[in-house]
Amino acid sequence: MTTILTYPFKNLPTASKWALRFSIRPLSCSSQLRAAPAVQTKTKKTLAKPNIRNVVVVDGVRTPFLLSGTSYKDLMPHDLARAALTGLLHRTSVPKEVVDYIIFGTVIQEVKTSNVAREAALGAGFSDKTPAHTVTMACISANQAMTTGVGLIASGQCDVIVAGGVELMSDVPIRHSRKMRKLMLDLNKAKSMGQRLSLISKFRFNFLAPELPAVSEFSTSETMGHSADRLAAAFAVSRLEQDEYALRSHSLAKKAQDEGLLSDVVPFKVPGKDTVTKDNGIRPSSLEQMAKLKPAFIKPYGTVTAANSSFLTDGASAMLIMAEEKALAMGYKPKAYLRDFMYVSQDPKDQLLLGPTYATPKVLEKAGLTMNDIDAFEFHEAFSGQILANFKAMDSDWFAENYMGRKTKVGLPPLEKFNNWGGSLSLGHPFGATGCRLVMAAANRLRKEGGQYGLVAACAAGGQGHAMIVEAYPK
(Lines of atoms letter the chains of each structure in order from A; the text may use other names.)
(Lines give C-alpha, C1' and ligand atoms only; values in the text may rest on other atoms or scores of the structure.)
Protein backbone atom coordinates (compact mmCIF):
# COMPACT_ATOMS: atom_id res chain seq x y z
CA MET A 1 0.00 0.00 0.00
CA THR A 2 1.28 3.45 -0.81
CA THR A 3 2.42 5.09 2.40
CA ILE A 4 0.16 7.71 3.85
CA LEU A 5 3.03 10.10 4.51
CA THR A 6 4.45 10.17 1.00
CA TYR A 7 1.48 10.04 -1.35
CA PRO A 8 -0.78 11.82 -2.11
CA PHE A 9 0.18 14.30 0.58
CA LYS A 10 3.69 15.53 -0.17
CA ASN A 11 3.97 19.23 -0.95
CA LEU A 12 0.34 19.49 0.07
CA PRO A 13 -1.02 23.06 0.20
CA THR A 14 -3.19 23.88 3.18
CA ALA A 15 -6.16 24.68 0.94
CA SER A 16 -6.09 21.33 -0.89
CA LYS A 17 -9.05 18.98 -1.10
CA TRP A 18 -7.17 16.68 1.28
CA ALA A 19 -6.95 19.45 3.86
CA LEU A 20 -10.69 19.97 3.51
CA ARG A 21 -11.26 16.22 3.81
CA PHE A 22 -9.35 16.16 7.07
CA SER A 23 -10.52 19.51 8.43
CA ILE A 24 -11.87 19.63 11.95
CA ARG A 25 -13.73 22.36 13.74
CA PRO A 26 -11.53 25.31 14.81
CA LEU A 27 -9.76 24.98 18.13
CA SER A 28 -10.70 28.31 19.62
CA CYS A 29 -8.84 28.50 22.91
CA SER A 30 -11.38 30.77 24.53
CA SER A 31 -14.25 28.45 23.65
CA GLN A 32 -12.43 25.47 25.14
CA LEU A 33 -11.65 27.11 28.48
CA ARG A 34 -15.22 27.35 29.64
CA ALA A 35 -16.22 25.67 32.88
CA ALA A 36 -16.45 21.91 33.02
CA PRO A 37 -19.82 20.42 32.07
CA ALA A 38 -22.41 20.24 34.79
CA VAL A 39 -22.48 17.05 36.81
CA GLN A 40 -24.70 14.59 35.00
CA THR A 41 -26.47 11.49 36.25
CA LYS A 42 -25.62 8.36 34.30
CA THR A 43 -27.83 5.30 34.02
CA LYS A 44 -25.66 3.26 31.65
CA LYS A 45 -25.10 -0.40 32.30
CA THR A 46 -21.99 -1.57 34.08
CA LEU A 47 -19.28 -3.37 32.11
CA ALA A 48 -18.91 -6.16 34.65
CA LYS A 49 -18.50 -9.57 33.01
CA PRO A 50 -19.85 -12.82 34.48
CA ASN A 51 -17.31 -15.14 36.06
CA ILE A 52 -14.52 -12.54 35.80
CA ARG A 53 -13.25 -10.73 38.88
CA ASN A 54 -13.80 -6.99 38.96
CA VAL A 55 -10.51 -5.09 39.18
CA VAL A 56 -10.61 -1.68 40.85
CA VAL A 57 -8.35 1.29 41.31
CA VAL A 58 -8.30 2.20 44.98
CA ASP A 59 -6.17 5.30 44.42
CA GLY A 60 -3.07 6.52 42.65
CA VAL A 61 -0.41 9.14 43.16
CA ARG A 62 2.53 10.66 41.36
CA THR A 63 5.46 12.83 42.20
CA PRO A 64 5.33 16.29 40.70
CA PHE A 65 6.41 16.02 37.07
CA LEU A 66 9.41 18.29 36.54
CA LEU A 67 11.38 19.52 33.58
CA SER A 68 14.52 17.43 33.31
CA GLY A 69 17.59 19.15 34.65
CA THR A 70 15.73 20.83 37.51
CA SER A 71 15.12 19.70 41.10
CA TYR A 72 15.43 15.96 40.43
CA LYS A 73 18.67 16.17 38.47
CA ASP A 74 20.87 14.65 41.20
CA LEU A 75 18.58 11.70 41.93
CA MET A 76 18.43 8.18 40.53
CA PRO A 77 15.28 6.63 39.03
CA HIS A 78 14.67 4.39 42.03
CA ASP A 79 14.60 7.51 44.25
CA LEU A 80 11.62 8.85 42.33
CA ALA A 81 9.94 5.45 42.16
CA ARG A 82 10.43 5.01 45.90
CA ALA A 83 8.88 8.44 46.48
CA ALA A 84 5.81 7.44 44.47
CA LEU A 85 5.48 4.17 46.41
CA THR A 86 5.88 5.97 49.73
CA GLY A 87 3.29 8.53 48.68
CA LEU A 88 0.88 5.75 47.76
CA LEU A 89 1.38 4.07 51.13
CA HIS A 90 0.63 7.35 52.92
CA ARG A 91 -2.37 8.12 50.72
CA THR A 92 -4.03 4.70 51.05
CA SER A 93 -2.64 3.38 54.36
CA VAL A 94 -2.46 -0.02 52.73
CA PRO A 95 -0.45 -2.48 54.83
CA LYS A 96 2.72 -3.35 52.95
CA GLU A 97 2.36 -7.04 53.72
CA VAL A 98 -0.93 -7.38 51.80
CA VAL A 99 0.62 -6.28 48.51
CA ASP A 100 1.13 -9.41 46.41
CA TYR A 101 3.16 -7.96 43.56
CA ILE A 102 4.73 -4.70 42.34
CA ILE A 103 5.16 -3.80 38.66
CA PHE A 104 6.79 -0.66 37.28
CA GLY A 105 7.34 0.62 33.78
CA THR A 106 10.40 2.50 32.58
CA VAL A 107 12.07 3.23 29.25
CA ILE A 108 15.65 4.47 29.63
CA GLN A 109 17.05 2.17 32.28
CA GLU A 110 19.75 2.98 34.79
CA VAL A 111 22.11 0.00 34.53
CA LYS A 112 22.65 -0.11 38.30
CA THR A 113 18.93 -0.62 38.91
CA SER A 114 17.70 -2.46 35.84
CA ASN A 115 14.80 -3.89 37.86
CA VAL A 116 13.85 -0.51 39.28
CA ALA A 117 10.55 -1.87 40.60
CA ARG A 118 12.36 -4.20 42.98
CA GLU A 119 14.91 -1.63 44.16
CA ALA A 120 12.22 1.00 44.75
CA ALA A 121 10.03 -1.48 46.60
CA LEU A 122 12.85 -2.44 48.95
CA GLY A 123 13.69 1.23 49.45
CA ALA A 124 10.07 2.03 50.30
CA GLY A 125 10.02 -0.66 52.98
CA PHE A 126 8.06 -3.40 51.26
CA SER A 127 8.81 -6.94 52.33
CA ASP A 128 11.67 -8.70 50.60
CA LYS A 129 9.13 -11.48 50.07
CA THR A 130 7.07 -9.26 47.73
CA PRO A 131 8.04 -9.93 44.09
CA ALA A 132 8.54 -7.01 41.73
CA HIS A 133 9.41 -6.69 38.08
CA THR A 134 9.96 -3.93 35.55
CA VAL A 135 8.45 -3.68 32.07
CA THR A 136 9.26 -1.48 29.11
CA MET A 137 6.97 -0.58 26.21
CA ALA A 138 8.07 2.96 25.36
CA CYS A 139 5.46 5.58 26.28
CA ILE A 140 2.91 2.95 27.33
CA SER A 141 5.18 1.20 29.83
CA ALA A 142 3.02 2.15 32.83
CA ASN A 143 -0.05 1.04 30.87
CA GLN A 144 1.61 -2.35 30.43
CA ALA A 145 2.41 -2.44 34.15
CA MET A 146 -1.23 -1.75 35.00
CA THR A 147 -2.73 -4.25 32.58
CA THR A 148 -0.27 -6.92 33.69
CA GLY A 149 -1.60 -6.32 37.18
CA VAL A 150 -5.16 -6.52 35.94
CA GLY A 151 -4.39 -9.89 34.39
CA LEU A 152 -2.84 -11.23 37.59
CA ILE A 153 -5.88 -10.20 39.60
CA ALA A 154 -8.50 -11.29 37.06
CA SER A 155 -6.88 -14.72 36.84
CA GLY A 156 -6.90 -15.14 40.61
CA GLN A 157 -3.12 -15.17 40.95
CA CYS A 158 -3.10 -12.01 43.08
CA ASP A 159 -5.51 -9.83 45.04
CA VAL A 160 -3.45 -6.67 45.53
CA ILE A 161 -1.08 -5.11 43.00
CA VAL A 162 0.90 -1.90 42.96
CA ALA A 163 1.57 -0.71 39.41
CA GLY A 164 3.43 2.38 38.32
CA GLY A 165 6.26 3.83 36.33
CA VAL A 166 9.26 6.10 36.48
CA GLU A 167 11.55 8.08 34.22
CA LEU A 168 14.57 10.25 34.99
CA MET A 169 15.67 12.11 31.87
CA SER A 170 18.09 14.29 33.84
CA ASP A 171 20.69 11.51 33.96
CA VAL A 172 20.49 9.20 30.98
CA PRO A 173 23.23 6.59 30.46
CA ILE A 174 26.04 7.86 28.22
CA ARG A 175 28.34 5.05 27.14
CA HIS A 176 31.86 4.80 25.86
CA SER A 177 32.06 4.17 22.13
CA ARG A 178 31.82 0.55 21.04
CA LYS A 179 35.50 0.53 20.06
CA MET A 180 36.47 1.76 23.51
CA ARG A 181 34.22 -0.77 25.22
CA LYS A 182 35.72 -3.58 23.18
CA LEU A 183 39.24 -2.41 24.00
CA MET A 184 38.54 -2.29 27.73
CA LEU A 185 36.91 -5.73 27.73
CA ASP A 186 39.83 -7.19 25.79
CA LEU A 187 42.28 -5.56 28.23
CA ASN A 188 40.42 -7.15 31.10
CA LYS A 189 40.92 -10.57 29.49
CA ALA A 190 44.59 -10.05 28.62
CA LYS A 191 46.86 -12.44 30.53
CA SER A 192 50.29 -10.91 29.96
CA MET A 193 51.92 -7.51 29.79
CA GLY A 194 52.72 -8.11 26.13
CA GLN A 195 49.07 -8.71 25.31
CA ARG A 196 48.08 -5.55 27.19
CA LEU A 197 50.68 -3.41 25.42
CA SER A 198 49.59 -4.80 22.05
CA LEU A 199 45.99 -3.86 22.76
CA ILE A 200 46.91 -0.41 24.09
CA SER A 201 48.81 0.28 20.86
CA LYS A 202 45.50 0.01 19.01
CA PHE A 203 43.96 2.84 21.02
CA ARG A 204 42.93 5.95 19.10
CA PHE A 205 41.71 9.22 20.57
CA ASN A 206 38.42 8.97 18.67
CA PHE A 207 37.65 5.92 20.82
CA LEU A 208 36.88 8.44 23.59
CA ALA A 209 33.93 9.97 21.74
CA PRO A 210 30.87 9.21 23.91
CA GLU A 211 27.87 7.30 22.63
CA LEU A 212 24.73 9.22 23.47
CA PRO A 213 21.34 7.54 23.95
CA ALA A 214 19.52 7.13 20.65
CA VAL A 215 16.68 9.57 20.02
CA SER A 216 15.59 8.01 16.75
CA GLU A 217 13.53 4.90 16.09
CA PHE A 218 15.87 1.92 15.74
CA SER A 219 13.83 0.38 12.93
CA THR A 220 13.42 3.57 10.87
CA SER A 221 16.26 5.86 12.01
CA GLU A 222 13.73 8.70 12.24
CA THR A 223 13.10 10.76 15.35
CA MET A 224 9.59 10.93 16.71
CA GLY A 225 9.62 14.68 16.15
CA HIS A 226 10.33 14.20 12.46
CA SER A 227 7.51 11.68 12.26
CA ALA A 228 5.15 14.09 14.03
CA ASP A 229 6.07 16.82 11.56
CA ARG A 230 5.41 14.56 8.59
CA LEU A 231 2.16 13.32 10.13
CA ALA A 232 0.94 16.89 10.68
CA ALA A 233 1.71 17.70 7.05
CA ALA A 234 -0.02 14.56 5.80
CA PHE A 235 -3.20 15.47 7.66
CA ALA A 236 -2.96 19.18 6.82
CA VAL A 237 -2.62 20.25 10.45
CA SER A 238 -1.41 23.84 10.42
CA ARG A 239 1.16 25.41 12.71
CA LEU A 240 -1.57 27.66 14.12
CA GLU A 241 -3.80 24.71 14.98
CA GLN A 242 -0.92 23.02 16.75
CA ASP A 243 -0.05 26.13 18.73
CA GLU A 244 -3.70 26.68 19.64
CA TYR A 245 -3.98 23.14 20.93
CA ALA A 246 -0.77 23.46 22.96
CA LEU A 247 -2.00 26.72 24.47
CA ARG A 248 -5.25 24.98 25.36
CA SER A 249 -3.35 22.20 27.14
CA HIS A 250 -1.22 24.60 29.19
CA SER A 251 -4.17 26.86 30.03
CA LEU A 252 -6.36 23.98 31.19
CA ALA A 253 -3.49 22.48 33.21
CA LYS A 254 -2.86 25.81 34.94
CA LYS A 255 -6.56 26.14 35.73
CA ALA A 256 -6.69 22.59 37.11
CA GLN A 257 -3.54 23.17 39.16
CA ASP A 258 -4.87 26.42 40.62
CA GLU A 259 -8.20 24.80 41.50
CA GLY A 260 -6.56 21.83 43.24
CA LEU A 261 -7.86 19.28 40.75
CA LEU A 262 -4.50 17.56 40.27
CA SER A 263 -5.02 15.65 43.51
CA ASP A 264 -2.83 12.73 42.45
CA VAL A 265 0.29 14.85 42.97
CA VAL A 266 2.04 14.18 46.30
CA PRO A 267 4.78 16.43 47.73
CA PHE A 268 8.33 15.13 47.54
CA LYS A 269 11.17 16.33 49.75
CA VAL A 270 14.20 16.25 47.50
CA PRO A 271 17.26 15.33 49.60
CA GLY A 272 19.30 18.45 50.26
CA LYS A 273 16.72 20.66 48.58
CA ASP A 274 13.24 22.06 49.12
CA THR A 275 10.02 20.09 49.00
CA VAL A 276 8.54 19.95 45.51
CA THR A 277 4.76 20.28 45.51
CA LYS A 278 3.64 20.84 41.93
CA ASP A 279 4.46 20.27 38.27
CA ASN A 280 6.81 22.92 36.91
CA GLY A 281 6.29 22.60 33.16
CA ILE A 282 2.90 24.31 33.01
CA ARG A 283 3.54 27.59 31.21
CA PRO A 284 0.58 29.30 29.54
CA SER A 285 1.94 31.67 26.94
CA SER A 286 0.35 33.39 23.96
CA LEU A 287 -0.05 32.49 20.33
CA GLU A 288 2.13 35.47 19.46
CA GLN A 289 5.01 34.22 21.61
CA MET A 290 4.62 30.65 20.39
CA ALA A 291 4.66 31.79 16.77
CA LYS A 292 8.17 33.20 17.26
CA LEU A 293 9.70 29.75 17.83
CA LYS A 294 11.51 28.06 14.98
CA PRO A 295 10.76 24.51 13.84
CA ALA A 296 12.51 21.96 16.05
CA PHE A 297 12.90 19.06 13.63
CA ILE A 298 12.22 19.71 9.94
CA LYS A 299 13.84 23.04 9.15
CA PRO A 300 12.92 25.59 7.98
CA TYR A 301 9.40 24.58 6.97
CA GLY A 302 8.31 22.20 9.72
CA THR A 303 5.47 23.01 12.11
CA VAL A 304 6.53 21.07 15.22
CA THR A 305 8.24 23.34 17.76
CA ALA A 306 9.29 23.22 21.39
CA ALA A 307 6.02 24.96 22.28
CA ASN A 308 3.72 22.36 20.73
CA SER A 309 5.72 19.29 21.82
CA SER A 310 5.91 17.51 25.15
CA PHE A 311 9.13 18.17 27.04
CA LEU A 312 11.73 15.91 28.63
CA THR A 313 10.39 15.14 32.08
CA ASP A 314 11.39 13.49 35.35
CA GLY A 315 8.71 11.83 37.45
CA ALA A 316 7.14 8.68 38.85
CA SER A 317 3.64 7.35 39.48
CA ALA A 318 2.08 4.50 41.44
CA MET A 319 -1.39 3.02 41.69
CA LEU A 320 -3.07 0.59 44.07
CA ILE A 321 -5.08 -2.01 42.15
CA MET A 322 -7.20 -4.64 43.87
CA ALA A 323 -9.82 -7.29 43.33
CA GLU A 324 -13.09 -5.55 44.19
CA GLU A 325 -14.01 -8.02 46.93
CA LYS A 326 -10.60 -7.56 48.56
CA ALA A 327 -10.87 -3.78 48.48
CA LEU A 328 -14.32 -3.82 50.05
CA ALA A 329 -13.24 -6.34 52.69
CA MET A 330 -10.43 -3.97 53.67
CA GLY A 331 -12.84 -1.04 53.94
CA TYR A 332 -11.79 0.85 50.81
CA LYS A 333 -14.11 2.81 48.54
CA PRO A 334 -12.52 2.36 45.10
CA LYS A 335 -12.36 5.19 42.59
CA ALA A 336 -12.90 3.22 39.41
CA TYR A 337 -13.03 -0.12 37.66
CA LEU A 338 -10.36 -1.01 35.12
CA ARG A 339 -12.31 -2.58 32.28
CA ASP A 340 -11.45 -3.63 28.74
CA PHE A 341 -8.10 -2.69 27.23
CA MET A 342 -6.39 -3.15 23.90
CA TYR A 343 -2.87 -2.98 22.49
CA VAL A 344 -2.23 -2.30 18.81
CA SER A 345 0.73 -1.83 16.52
CA GLN A 346 1.17 -0.50 13.01
CA ASP A 347 3.89 0.54 10.57
CA PRO A 348 6.46 2.57 12.59
CA LYS A 349 7.61 4.46 9.51
CA ASP A 350 4.23 5.41 8.17
CA GLN A 351 1.93 5.59 11.20
CA LEU A 352 4.18 5.81 14.24
CA LEU A 353 1.87 8.06 16.27
CA LEU A 354 -1.58 6.83 15.23
CA GLY A 355 -1.97 4.26 18.01
CA PRO A 356 -5.06 5.95 19.54
CA THR A 357 -6.86 5.90 16.20
CA TYR A 358 -6.37 2.16 15.85
CA ALA A 359 -6.85 1.19 19.51
CA THR A 360 -9.96 3.25 20.23
CA PRO A 361 -12.51 1.46 18.00
CA LYS A 362 -11.21 -1.94 19.06
CA VAL A 363 -11.56 -1.29 22.76
CA LEU A 364 -14.97 0.35 22.30
CA GLU A 365 -16.24 -2.64 20.34
CA LYS A 366 -14.80 -5.02 22.92
CA ALA A 367 -16.65 -3.14 25.66
CA GLY A 368 -19.86 -2.73 23.65
CA LEU A 369 -19.62 1.07 23.78
CA THR A 370 -19.58 3.93 21.30
CA MET A 371 -17.82 7.28 21.37
CA ASN A 372 -21.07 8.84 22.58
CA ASP A 373 -20.91 6.72 25.74
CA ILE A 374 -17.56 8.16 26.82
CA ASP A 375 -17.74 10.95 29.38
CA ALA A 376 -14.02 11.66 29.88
CA PHE A 377 -11.28 11.27 27.28
CA GLU A 378 -7.64 11.19 28.41
CA PHE A 379 -5.19 10.86 25.52
CA HIS A 380 -1.43 11.12 25.74
CA GLU A 381 -0.21 14.32 24.08
CA ALA A 382 3.21 13.63 22.59
CA PHE A 383 2.79 16.50 20.14
CA SER A 384 -0.07 18.80 19.23
CA GLY A 385 0.26 17.63 15.65
CA GLN A 386 -0.03 14.01 16.77
CA ILE A 387 -3.26 14.67 18.66
CA LEU A 388 -4.83 16.65 15.82
CA ALA A 389 -3.74 14.12 13.19
CA ASN A 390 -5.40 11.39 15.24
CA PHE A 391 -8.53 13.53 15.47
CA LYS A 392 -8.66 13.87 11.70
CA ALA A 393 -7.99 10.18 11.13
CA MET A 394 -10.67 9.20 13.65
CA ASP A 395 -13.17 11.53 11.99
CA SER A 396 -12.57 10.25 8.45
CA ASP A 397 -14.63 7.56 6.74
CA TRP A 398 -11.99 7.53 3.99
CA PHE A 399 -9.18 6.75 6.42
CA ALA A 400 -11.26 4.13 8.19
CA GLU A 401 -12.03 2.33 4.94
CA ASN A 402 -8.61 2.59 3.29
CA TYR A 403 -6.29 2.10 6.26
CA MET A 404 -8.27 0.45 9.04
CA GLY A 405 -10.50 -1.93 7.11
CA ARG A 406 -13.58 -0.37 8.67
CA LYS A 407 -16.80 0.67 6.98
CA THR A 408 -17.27 3.79 9.07
CA LYS A 409 -15.10 6.25 10.95
CA VAL A 410 -14.33 5.97 14.63
CA GLY A 411 -15.62 9.44 15.43
CA LEU A 412 -14.14 12.63 16.82
CA PRO A 413 -13.77 13.00 20.61
CA PRO A 414 -15.70 16.10 21.73
CA LEU A 415 -13.18 18.71 22.88
CA GLU A 416 -15.36 19.65 25.83
CA LYS A 417 -14.69 16.13 27.19
CA PHE A 418 -11.07 15.87 26.12
CA ASN A 419 -8.05 16.27 28.45
CA ASN A 420 -9.93 18.86 30.49
CA TRP A 421 -7.18 19.11 33.11
CA GLY A 422 -4.30 19.43 30.68
CA GLY A 423 -2.14 16.72 29.20
CA SER A 424 1.40 15.63 28.50
CA LEU A 425 2.16 18.83 26.57
CA SER A 426 1.73 20.84 29.76
CA LEU A 427 1.95 18.43 32.69
CA GLY A 428 4.98 16.62 31.30
CA HIS A 429 5.72 13.17 30.01
CA PRO A 430 8.05 10.91 32.02
CA PHE A 431 7.95 8.07 29.49
CA GLY A 432 7.50 5.22 31.95
CA ALA A 433 5.03 7.00 34.25
CA THR A 434 2.47 8.71 32.01
CA GLY A 435 0.06 5.77 31.74
CA CYS A 436 -0.86 5.89 35.43
CA ARG A 437 -1.37 9.65 35.24
CA LEU A 438 -3.81 9.18 32.37
CA VAL A 439 -5.86 6.57 34.23
CA MET A 440 -5.97 8.58 37.44
CA ALA A 441 -6.98 11.71 35.52
CA ALA A 442 -9.84 9.77 33.94
CA ALA A 443 -10.93 8.28 37.27
CA ASN A 444 -10.78 11.60 39.11
CA ARG A 445 -12.57 13.45 36.33
CA LEU A 446 -15.38 10.90 36.29
CA ARG A 447 -15.91 11.43 40.02
CA LYS A 448 -15.74 15.21 39.69
CA GLU A 449 -17.90 15.49 36.58
CA GLY A 450 -20.39 12.73 37.35
CA GLY A 451 -19.55 10.62 34.32
CA GLN A 452 -19.47 6.85 34.07
CA TYR A 453 -16.99 5.87 31.35
CA GLY A 454 -13.53 7.18 30.59
CA LEU A 455 -11.35 6.33 27.62
CA VAL A 456 -7.57 6.39 28.00
CA ALA A 457 -5.42 6.13 24.87
CA ALA A 458 -1.77 6.62 23.97
CA CYS A 459 0.71 6.21 21.16
CA ALA A 460 4.20 4.80 21.69
CA ALA A 461 7.52 4.40 19.95
CA GLY A 462 7.72 1.47 17.59
CA GLY A 463 4.31 2.27 16.12
CA GLN A 464 2.39 0.84 19.07
CA GLY A 465 -0.65 2.04 20.95
CA HIS A 466 -2.96 1.35 23.86
CA ALA A 467 -6.52 2.11 24.90
CA MET A 468 -8.44 1.28 28.06
CA ILE A 469 -11.95 1.80 29.39
CA VAL A 470 -12.19 3.17 32.93
CA GLU A 471 -15.58 2.92 34.64
CA ALA A 472 -16.47 5.12 37.60
CA TYR A 473 -17.12 3.28 40.85
CA PRO A 474 -20.69 3.88 42.11
CA LYS A 475 -20.86 6.57 44.76
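Cβ from N, Cα, C; glycine included.
What Swiss-Prot records for this protein:
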ACT_SITE  Cys139  active site, acyl-thioester intermediate
ACT_SITE  Cys459  active site, proton donor/acceptor
INTRAMEM  174-221  intramembrane segment
MOD_RES   Lys73  N6-succinyllysine
MOD_RES   Lys189  N6-acetyllysine
MOD_RES   Lys189  N6-succinyllysine
MOD_RES   Lys191  N6-succinyllysine
MOD_RES   Lys273  N6-succinyllysine
MOD_RES   Lys292  N6-succinyllysine
MOD_RES   Lys294  N6-succinyllysine
MOD_RES   Lys299  N6-acetyllysine
MOD_RES   Lys333  N6-succinyllysine
MOD_RES   Lys333  N6-acetyllysine
MOD_RES   Lys349  N6-acetyllysine
MOD_RES   Lys362  N6-acetyllysine
SITE      His429  site 'Increases nucleophilicity of active site Cys'
TRANSIT   1-34  transit peptide
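Features as recorded by Swiss-Prot, highlighted on the structure.
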residue: Lys73; record: N6-succinyllysine; DSSP (3 states): coil
residue: Lys189; record: N6-acetyllysine; DSSP (3 states): helix
residue: Lys292; record: N6-succinyllysine; DSSP (3 states): coil
residue: Lys299; record: N6-acetyllysine; DSSP (3 states): coil
residue: Lys333; record: N6-succinyllysine; DSSP (3 states): coil
residue: Lys349; record: N6-acetyllysine; DSSP (3 states): coil
residue: His429; record: site 'Increases nucleophilicity of active site Cys'; DSSP (3 states): strand
residue: Cys459; record: active site, proton donor/acceptor; DSSP (3 states): strand
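In the three-state DSSP classification, Cys139 (active site, acyl-thioester intermediate) falls within a strand. Of all the recorded positions in the record (Lys73, Lys273, His429), the one with the smallest CA separation from the residue listed as 'active site, acyl-thioester intermediate' is His429. For the pair formed by Lys273 (N6-succinyllysine) and Lys73 (N6-succinyllysine), distance between Cα atoms is given as 11 Å, rounded to the nearest Å.
Sequence-distant neighbours of Lys333 (N6-succinyllysine) (same chain, six or more apart, CB under 8 Å from its CB) are Tyr473, listed in sequence order.
Neighbour density at the Cβ, taken as the number of other Cβ atoms within 10 Å, is lowest among the modified residues Lys273, Lys294 for Lys294. In terms of local Cβ density within 10 Å, His429 ranks first among the recorded positions Lys73, Lys189, Lys299, Lys349, His429. Rounded to a whole number, the distance between the Cα atoms of Lys189 (N6-acetyllysine) and Lys349 (N6-acetyllysine) is 42 Å. Fewest other C-beta atoms within 10 Å: among the modified residues Lys191, Lys292, Lys362, that description fits Lys191. For the residue listed as 'active site, proton donor/acceptor', the same-chain residues 6+ apart in sequence whose C-beta sits under 8 angstroms from its C-beta are Cys139, Leu352, Leu353, Leu354, Gly355, Pro356, His380, Ala382, Gln386, Asn390, Gly465. Geometry remark: His429 (site 'Increases nucleophilicity of active site Cys') versus Lys362 (N6-acetyllysine), CA distance 25 Å. Note: the Cα of Lys189 (N6-acetyllysine) and the Cα of Lys299 (N6-acetyllysine) are spaced 48 Å from each other.
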